[in-house]
Amino acid sequence: MATATIIDGKDFAARLRAAIAVQVADLKKAHHLTPGLAVVLVGDDLASQVYVRNKGIQAQEAGMNSFDHRLPTTVTAAELLEKINQLNQDPAVHGILVQLPLPKHIDADAVIDAIAVAKDVDGFHPYNAGLLAVGGAGMVPCTPVGCLMLLKHQLGKLAGLRAVVLGRSNIVGKPMAALLLREHCTVTIAHSRTHDLAEECRRADIVIAAVGKPQMVKGDWLKPGATVIDVGINRITAPDGKNRLVGDVDFDSAVQVAGAITPVPGGVGPMTIACLLLNTLTAACRQRGIPVPEVQPAAE
Ligand code: GUN
């Protein structure tokens, strides 16, 4: 039986980071500007610590300044808001990311609202979400941007294709749908209350799975030849008793039916940080009134 093309997000992200590093070096030389990314981590969640460390390392590898701010779980909302206010005022900081989730006693929406719109490299601020909805040039959330890059790399123009987005989060599902609409796809957002998820998927040329349910999307949910982007990262215990990372798509059955598919790990995951660096570069240029460079991944 035919098997799908495996979309190598790890390689694409490495080439994108290399291209970003070239642009950062140019900015330093031509404008004495070093993009700066501040990452705020509250508490000691292990997965968050790993993400934050990787963000810092990759920002520095791209030639950017990386500022880490670690705050204890016991930090008050007022203290965290004061930290964000300081970063908003700091001219060396062009991008601010507050790692989610936050402890329960802190209102995450209020924290996101406090980040300066121009420095909101996560694209989570309601003003940036609004700009995306009306087609303006704001900051767009990193994971959906990464998914779109992989899709365009695989398919070229997306106009007229049917896309189904599984999941309606503010971080992935909703901005993903808005981006696909901007590319002239016919977009359906499906979610936990959708009556027949499998049938919605079967109609789609593009399936984006972002629901957080391990291996939910099966091969027989897919239209033959569909392009499948798996945003899920789920840790499961496999039948052999070992821990394993799997996506929201049942890879082994989907790979038999899809035309192209992202693996987990090594698909969408590495694209998220690469796109965060891209947003930081964009934010730095805009804040200094410098034209935003067109960044194309380095050659394969
Ligand atoms: N936690 C998991 N993913 C993300 C992300 O993309 N941004 C932020 N701020 N927190 C996260």
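Here, residue 1 is simply the first one shown, and the rest follow in order.
Cβ atoms are placed via backbone N, Cα and C, with glycine included.
What TrEMBL lists as NADP(+) binding site is Gly167, Arg168, Ser169, Ile233. For 7-122, the entry in TrEMBL reads domain 'Tetrahydrofolate dehydrogenase/cyclohydrolase catalytic'. Positions annotated as domain 'Tetrahydrofolate dehydrogenase/cyclohydrolase NAD(P)-binding' by TrEMBL: 141-287.
Where TrEMBL records a feature, it is marked here on the structure.
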| residue | record | Cβ contacts under 8 Å, 6 or more apart |
| --- | --- | --- |
| Gly167 | NADP(+) binding site | Gly173, Ile189, His191, Ile208, Ala209, Ala210, Val211, Gly212, Val231 |
| Arg168 | NADP(+) binding site | Lys174, Ile189, His191 |
| Ser169 | NADP(+) binding site | Ala210 |
| Ile233 | NADP(+) binding site | Leu245, Gly247, Val264, Pro265, Gly269 |
| field | Per-state residue totals over the domain 'Tetrahydrofolate dehydrogenase/cyclohydrolase catalytic' (7-122) - DSSP helix, strand, coil | value | 62 helix, 19 strand, 35 coil
| request: Summarise the domain 'Tetrahydrofolate dehydrogenase/cyclohydrolase NAD(P)-binding' (141-287) by DSSP state, stating how many residues are helix, strand and coil. | output: 56 helix, 30 strand, 61 coil
